Ligand code: SRM
Ligand SMILES: Cc1cc2nc3c(=O)[nH]c(=O)nc-3n(C[C@H](O)[C@H](O)[C@H](O)COP(=O)(O)OP(=O)(O)OC[C@H]3O[C@@H](n4cnc5c(N)ncnc54)[C@H](O)[C@@H]3O)c2cc1C
Ligand code: SF4
Ligand code: FES
């Protein structure tokens, strides 16, 4: 630790919250320890923590993870930290402060970062037990402890924080009510209709909303039991969380006669100096131009300005900052930015209000129609980052501004790119990182992945909301440098997947080893080997365990899915989900014999879990004898073709979806591709098979079939898009042949069709030209290649079962026939599951 | 070189199986003295390595079924469960600072594979 010396000047910081900590961090970054001593006093018993992420404490984030820096960090950087020590007095004449514990320290400059406290309105009975505020870790601990005994909770305040608290009590399993004084939720950020959409969404999450309610009193003996409102209604409850706004903690300033505002806050100039030039105020407690700022980003900016001013640099000034917000509620997307309520003179508005999908978007456009002033997004905030950028950088909006409301679209049918933004565009507002800084880190400092960008620039380390944009910038900058232009697979090959595919084909390469020998180097790795194995499989469709077994991902290597504890699951193919009673009985008998856990999958078939490695060939021998085949649940290959029951039974069905689905599944079963492929066929427009969430989905029409492609479930659901309509079965299969083959030949490894389409220039229109109109003249060739693959199909398990050499690969121990005794199970509802890890 | 704080350990060689019992460019599990050990054959340059079979990440028996390869010449294995990778020379985890595995010497004599375990 550096020494505190007499000849260094004393900086004293009061308050070790988020902004106080940022002050310390910048102090260290600026190397100020050489000239100044820094002493920090914090009232809270712990080191500074991330208040913004406070609510994640409910979902299991630990105190440690919330901590911004450890006590050691302060010590290592020569900062003297006093926790649990309230500063009680400032003596401006003597330039010193006093604490509750009697410590007395003189200062050269004093910085007040005392933040705010939760505002508790003076309602009758507010002192009763069971009433809490929501500001510190202690508050949350108290809420958690009390909540264990409660069934119902009421949150007072329907603003940003109140709704966050409501989500927390909901997650604690409590019946949750929100009481708001105003006639709508988030009155400061949302307009009438946006608030209504939000209310619907929250109610759908089982949060009860009460508007226009003015709490008169809290009833109950010692503990709160009921809220009584001014309109003479009441609401019973077991506990209350008050989130009715915040009040700046300016008590020290008042005691020292510094100028403060009527509604609280310590008045500062644009250097953050208070009415005493040796005393600064930063963060939530600072009152700048009659306004306080209840967000971290402006506070961080204030910390920087104050430090620069102490260093004698008066060029840096605090200016009014952006108060845009995105609500961190899980399950509801809400954002407001810029002039959200359209209060600018002459502002025009464009509104998208979809009751069915629960999406409300409002954009406010300047009178001349050229600039975006701000807006409100409820239900879909995907475009928030881009819209915020357009607003903050005053970019020209399209002539038809409604285009901005459509998903990912920023006008003229073109998607706006992060690279179109000016260098000064603020990307991460928590850490105040602009686009120039991020690009600079890539160009000058050789940063090449997201983790490094975060480390080098701090972008995305706050709320994380800007990460999608940071990622785009990183990729676009790398691209512009020619670095990522070539997406080489890994260090072992200097080729893209497409180039490797061509090399394999032209040179008739059939093993991973051969390809490394001729075109790669080293031993390969877990990235390139499965990718190459997949290329080989897509090109030759040979039995994958023949020569390349150990280059397959573990599931492919053992033709089953590995599970917790190291056992495997078995998923036989059940085309279109149609299965005879006899086959069902076989599944049941096999499961019983081998103690397998049974579950119907999301893909309309039956999964048998808990098989030992050495049991797999025996199990499959029995299944194959009964007419089953591998379901390829383990492969990056065609999985299932789901179907609805269709016109054979259903009174609405217009085509026989089951028969067509079986035909499709039989044709493409097991086909290997860059990623897994799923399909479904629905018998009418009601779409019970969910075909539009599939890589290729087919929906019956009166005249034939509509073919949709590039849909996806999973983490980023995408509806499949219409490729061709009212086509007959033969045409449909031809189109699918071409589509799949084109995908296999051009997609990067581990890219699902939806993602592949997204990065395809020209999008679905281009794809339609290639597949349907055959604009490249490759249609016949694609069909022919597919036919070869279809003809080369064999069931992998059938081959293993009859081949003793292959069967040997499924031994647990090569030097012993013992079972693995470390595998442990526990009973659940009449079956067994692995012990949790 | 021996100095005063070098600990001399006793190593015994265990004959475990034939060369051809192990897959090319991959691993298999053996059981010795109640220990499960992963043995890897890098057939491209005919090198052999061995390590514990247990992956320290979630305490799963699985490393022998992992995919092998190299990173800048350092031989490694990727756990089949969550792809943590480990150096087979030093046992250090290459994807996280938190883990370390035990590695063992391997030798091949007259078509048989031997693993050296400390007593
Ligand atoms: C078994 C099953 C869950 C169930 O009990 O129902 C399942 C289990 C797994 N899914 Fe799934 N998915 C299952 C249906 C689905 C579905 C529903 C469907 O197919 O209609 C989806 C959404 C549709 C989709 O894929 O678009 C689905 C989307 C995913 C995803 C996300 C893919 C994406 O593009 O975002 C993954 C992760 C991945 O592949 O990287 C995944 C990965 C997995 C893995 C492989 C995770 C893993 O690595 O262990 C699981 C393998 C379990 C096993 O060992 O068998 N699973 N998975 C379902 C097997 C269906 C089948 O019969 O083959
Ligand atoms: C649940 C929750 C969610 C939030 N979400 C967001 C969000 O998504 N985005 C966003 O931008 N902002 C959010 N905020 C607001 C953000 O946390 C604050 O803007 C930020 O913490 C302000 O920092 P500060 O340092 O000014 O005040 P604080 O973090 O409150 O720190 C002030 C510290 O000073 C101490 N102190 C006060 N007086 C004294 C004294 N006399 N002596 C010693 N110590 C003293 C206090 O104990 C406190 O530790 C959220 C706040 C909460 C509570
Ligand atoms: S949703 Fe997640 S947990 Fe469930 S099966 Fe799929 S991958 Fe496993
Ligand atoms: S158990 Fe090995 S990586 Fe998770």
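Positions of Cβ are set from backbone N, Cα and C atoms, glycine also.
Within the same chain, residues at least 6 positions away in sequence whose Cβ sits under 8 Å from that of residue A:684 ([4Fe-4S] cluster binding site) are A:647, A:650, A:652, A:653, A:654, A:655, A:699, A:700. TrEMBL lists A:644, A:650, A:684, A:688 with the feature [4Fe-4S] cluster binding site.
Annotation source TrEMBL lists siroheme binding site at A:688. Of all Cβ atoms in the shown protein chains, 18 besides its own fall within 10 Å of the Cβ of residue A:688 ([4Fe-4S] cluster binding site). Under the three-state DSSP scheme, residue A:688 ([4Fe-4S] cluster binding site) falls in the coil class.
If you look up TrEMBL, you'll see A:10-306 marked as domain 'FAD/NAD(P)-binding'.
Positions annotated as domain 'NADH-rubredoxin oxidoreductase C-terminal' by TrEMBL: A:324-389.
Applying DSSP to the domain 'BFD-like [2Fe-2S]-binding' (A:426-476) sorts its residues as follows: 27 helix, 5 strand, 19 coil. Annotated domain 'BFD-like [2Fe-2S]-binding' per TrEMBL: A:426-476 (among others), in sequence order.
Positions annotated as domain 'BFD-like [2Fe-2S]-binding' by TrEMBL: A:488-537 (among others). In the predicted model, residues of the domain 'BFD-like [2Fe-2S]-binding' (A:488-537) average a pLDDT of 89.
Sequence annotations record features per position, and here TrEMBL assigns domain 'Nitrite/Sulfite reductase ferredoxin-like' to A:563-625.
Per TrEMBL, the feature domain 'Nitrite/sulphite reductase 4Fe-4S' maps to A:635-771.
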### Task
Determine which recorded stretch among A:10-306, A:426-476, A:488-537, A:563-625, A:635-771 has the most C-beta pairs below 8 angstroms with the domain 'NADH-rubredoxin oxidoreductase C-terminal' (A:324-389).
A:10-306
### Message
Using other CB atoms within 10 angstroms as the count, which residue among the binding-site residues A:644, A:650 scores least?
### Response
A:650
### Query
Quick one: do the domain 'Nitrite/Sulfite reductase ferredoxin-like' (A:563-625) and the domain 'Nitrite/sulphite reductase 4Fe-4S' (A:635-771) have at least 3 Cβ pairs under 8 Å, skipping pairs fewer than 6 apart in sequence?
yes
## Note on the structure
Reading the DSSP string in three states, the entry for residue A:644 ([4Fe-4S] cluster binding site) is coil
### Message
Restricting to CB pairs under 8 Å, which listed stretch, A:426-476, A:488-537, A:635-771, is in contact most with the domain 'FAD/NAD(P)-binding' (A:10-306)?
### Response
A:426-476
### Summary
Residues lining the [4Fe-4S] cluster site besides A:644, A:650, A:684, A:688 (CB within 8 A of their CB center) are A:645, A:646, A:652, A:653, A:657, A:682, A:683, A:686, A:687, A:689
### Message
As a quick check of your reading of DSSP, tell me how many residues in the domain 'NADH-rubredoxin oxidoreductase C-terminal' (A:324-389) are helical, how many are strand and how many are coil.
### Response
6 helix, 28 strand, 32 coil
#### Entry: DSSP-derived helix, strand and coil totals, residue by residue, for the domain 'BFD-like [2Fe-2S]-binding' (A:488-537)
28 helix, 3 strand, 19 coil
